[in-house]
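Per TrEMBL, the features are:
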DOMAIN    6-150  domain 'tRNAHis guanylyltransferase catalytic'
BINDING   ASP30, GLY31, CYS32, HIS33, PHE34, HIS35, SER76, ASP77  GTP binding site
BINDING   ASP30, GLY31, ASP77  Mg(2+) 1 binding site
BINDING   ASP30, ASP77  Mg(2+) 2 binding site
DOMAIN    153-259  domain 'Thg1 C-terminal'
Amino acid sequence: MANSEYEYVKREFEYDRHLPPSNWIVVRIDGCHFHRFSKIHAFEKPNDENALNLMNDCATAMLEKFPDIVFAYGVSDEYRYDIRHPFIPCLPYSFVFREETQFYHRRESKILSLCVSYFTSVYVMKWKDFFPNKELKEPPYFDARAVCYPNLKTIRDYLAWRQVDCHINNQYNTCFWMLVKSGKSEQEAQLALKGTFAKDKNELLAQQFQIKYDDEPAMFRKGSSVYREKVETTVKTDDYGNPIKRPRLKVTVAHIDIIGPEFWENHQHILREGKFMLEFVKKIGIGHMLPPCNWIVIRINACQFDQ
């Protein structure tokens, strides 16, 4: 960029936030206004299998595109309570970057913009693969946030929380939409489920609709885990035509329990902790300069003045 009298606008007003080193970075991508999007495209309730598989394909493409993403987890149609839209469908996907990643020097704006733009582009490109008889009537769009987790325990706990949330939401949604399909209004279904526990919901499904919740598809109950699996791949043949195989990492989608230790013990290559680099210590304390040409207000509050 050539020097000019106007270059100060870049130098003084643009600044990047670098995510702290030696932390696992989770980029969580959520659908925006998917209540409208799913209604326009007539998604099946409570779970549209094609829509979920489309999201899984997008997540697979993310791992293939960005090697520093070591794991991704997406949940079934999630419904959050909101006064204006009682049940808002969204399709959150969490992408875990390896602890020692230097992807775009850990610049938050770059990481978020690249992830969410690529995910959205793949979603649009692959739409016809999963909905060959449905036109894409309006463009989908997603938001993204980045959160850092300092150690293996917290990243495992984060993923466990997401899977617990998946189960709770899916069980509720299964009951809710079965009640709606049986003739109740959405408000009546909501009131019928108010204050119920997991046991109550299982009994409702079994007694009223002859549905055993544990027999529902694992993708709906457990969500989707996307990771690189070690597989034996034929790389060439020897002089006698016998295949020569080597272990390779292949992106795979599975609907399994990630709360317990078994999966992680059998896939230790996924969340292996990196070496802590001493030169990172001085970077952790780097502050961010407040933007120039702005009034700065420092507000001082009393702490524990009751004592």
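The backbone N, Cα and C atoms fix where each Cβ goes, glycine too.
Note that the structure is predicted; figures quoted are calculated from it, not measured.
Recorded features from TrEMBL, shown on the structure.
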residue : record           : Cβ neighbours (10 Å)
ASP30   : GTP binding site : 17
GLY31   : GTP binding site : 24
CYS32   : GTP binding site : 11
HIS33   : GTP binding site : 14
PHE34   : GTP binding site : 21
HIS35   : GTP binding site : 18
Helix, strand or coil at HIS33 (GTP binding site) [DSSP, three-state]: coil
Tally of DSSP helical, extended and coil residues in the domain 'tRNAHis guanylyltransferase catalytic' (6-150): 57 helix, 35 strand, 53 coil
DSSP-derived helix, strand and coil totals, residue by residue, for the domain 'Thg1 C-terminal' (153-259): 57 helix, 26 strand, 24 coil
Mean of pLDDT values spanning the domain 'tRNAHis guanylyltransferase catalytic' (6-150): 88
